[in-house]
Amino acid sequence: MGTVQKCLLPLLLAGLIAGCGQNQDDRNTEQSQDQGAAKATVSDARENGAGGEKLVTGLPDFTALVEKEAPAVVNISTVTHREAGQGPDTSQLPEMLRRFFDEFGGPGGPGPQGPGGGGREDVESLGSGFIISSDGYVLTNYHVVGEADEIVVRLQDRRELDAELVGSDPQSDLALIKVDAADLPVVDIGSSDNLKVGEWVLAIGAPFGFDSSVTAGIVSAKGRSLPTDNYVPFIQTDVAINPGNSGGPLFNLKGQVVGINSQIVSRSGGYMGLSFAIPIDLAMDVADQLKENGQVSRGWLGVLIQEVDRDLAESFGLSKPMGALVAQVQPGSPAAEAGLQPGDVITHFDGHEIQRSAQLPKWVGALKAGTEAEMTVVRNGDEKTLDVTVGELPSNPQQAMNQGGEQAGPGADRLGLTVREASPAELSRVEAETGVMVTAVKKGPAATAGLRQGDLLVSLNGEDVKSPDDYRRLVGELPEKGSVPALINRGGNARFLALKLGD
């Protein structure tokens, strides 16, 4: 900065000296022209500004919307009976929800007797919901009612009605309950597809048990993916959502439900400006299936995928980061039968372009089992078209993938590693001739030694690892105790790690 200033000063002085020899008339003419140009520029800018329409017209008045729609929003209280110190299975819930319940109660959370209490304890929790049919069907979150033994719905007119669980879907965190009543007020259902980022939205619910509380904000983003939530493209808002809002509706300015308030991201357990709602189009499809069958049918391929970053895109011959990189294919799965291989990048599925890996499970899950779909993959720099018949999503997809990996060969868990075949592009990127890609690292010798997901395992105990089968053979031949060397390549850098066995 100082150098630039020092260089400019002599130039400015030289300009002043040279200008002193000009004729006064010439200077006046030039000055007049400069002023005219400046006026024209300012005038153009003012004209452009004066002719523009207002992009923001003011704050909305929500009173009419609340008066019309609030009667169809309900408060839900539940009681779960359980043995002290034991909780229902929440393994299918997202990690953020499990941490949330640990602090505020609900399924799997601490009960009133506290940890270590004896006998039976009743765990109470609160949530919200909304009436979708006049004969008493109410839509809410799975984590509000999914594990409850008693469900009570409180209407705005202060009536309290017992409810029964019609069906629930942990994968989407949705549940359908039914009360015995008629001529109930119902909400207007809109479409989340038409929702725009920046649009005003409003939530009605019972945060901390305060009935019919109204908060408002804007849509911050659409199609958000959250950790472990593979099947919901969340609507992100800055609407204040707190414990008790879960299951309540998110309205647009037309008074139509466009989402179901489901989760928050918070370090304190309370609202911090990041709220997430389930799109109503997805929710109503789930509700229809729950009403008809009591469960949800969701498509499944049987693959583990990862995001494609800039470096991976270049190595796989893609013009930009896009698609879903296949890290593992479960043996016998629809993906395996279709010919999908580790290292393939899925760029299109069923007519949809995959920009981010999180989009693939959503498009697959939207199809019913038995549906035939076409997908485009990039393999070794070339595009290929594969036909796949979508399967039925298992009740625990992760467990199914783990079992599939174990069936592929014995000894895979001894080191705590899950591996797959490395593609030619991945080998070329780190200038390696052989190796297998590490796709997961569990507690064990490999984790202790410092292996990470994404490492290329080149050799084990002095022998090259040429394939996943080769890896499993070498693992099976390792001694029971001792220390064996493992050569890995991480980001193009080779290093040896010592795996301590039998500790």
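Cβ coordinates come from backbone N, Cα and C, glycine included.
What TrEMBL annotates here:
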- His143: active site, charge relay system (ACT_SITE)
- Asp173: active site, charge relay system (ACT_SITE)
- Ser246: active site, charge relay system (ACT_SITE)
- His143, Asp173, Gly244, Asn245, Ser246: substrate binding site (BINDING)
- 285-355: domain 'PDZ' (DOMAIN)
- 411-467: domain 'PDZ' (DOMAIN)
- 24-54: region 'Disordered' (REGION)
- 103-123: region 'Disordered' (REGION)
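Broken down by DSSP into helix, strand and coil, the domain 'PDZ' (411-467) contains 11 helix, 18 strand, 28 coil. Cα-Cα distance from Gly244 (substrate binding site) to His143 (active site, charge relay system): 11 Å (rounded to the nearest whole number). Taking only the Cα positions, the spacing between His143 (active site, charge relay system) and Asn245 (substrate binding site) is 12 angstrom. Every protein chain considered, the tally of other Cβ atoms within 10 Å of the Cβ of His143 (active site, charge relay system) stands at 28. With respect to their backbone Cα atoms, Asp173 (active site, charge relay system) and Asn245 (substrate binding site) stand 14 Å from each other.
Across the residues annotated as binding substrate (His143, Asp173, Gly244, Asn245, Ser246), the widest Cα-Cα separation comes to 15 Å. Per-residue confidence over the domain 'PDZ' (411-467) averages out at a pLDDT of 86. Less than 8 angstroms from the CB of Asn245 (substrate binding site) sit Gly127, Ser128, Ala203, Gly205, Ala206, Pro207, Ser213, Asn261, each of them six or more residues away in the same chain. Asp173 (active site, charge relay system) counts 28 other C-beta atoms within 10 Å of its own C-beta, drawing on all protein chains shown. Here the recorded positions are Gly244, Ser246, and the one ringed by the most other CB atoms within 10 angstroms is Ser246. As a summary of secondary structure, the domain 'PDZ' (285-355) carries 20 helix, 20 strand, 31 coil according to DSSP. Neighbouring residues of the recorded substrate site, listed in sequence order and excluding His143, Asp173, Gly244, Asn245, Ser246, comprise Gly127, Ser128, Thr140, Asn141, Val144, Pro243, Gly247, Gly248, Asn261, Ser262, Gln263 (Cβ within 8 Å of the Cβ centroid).
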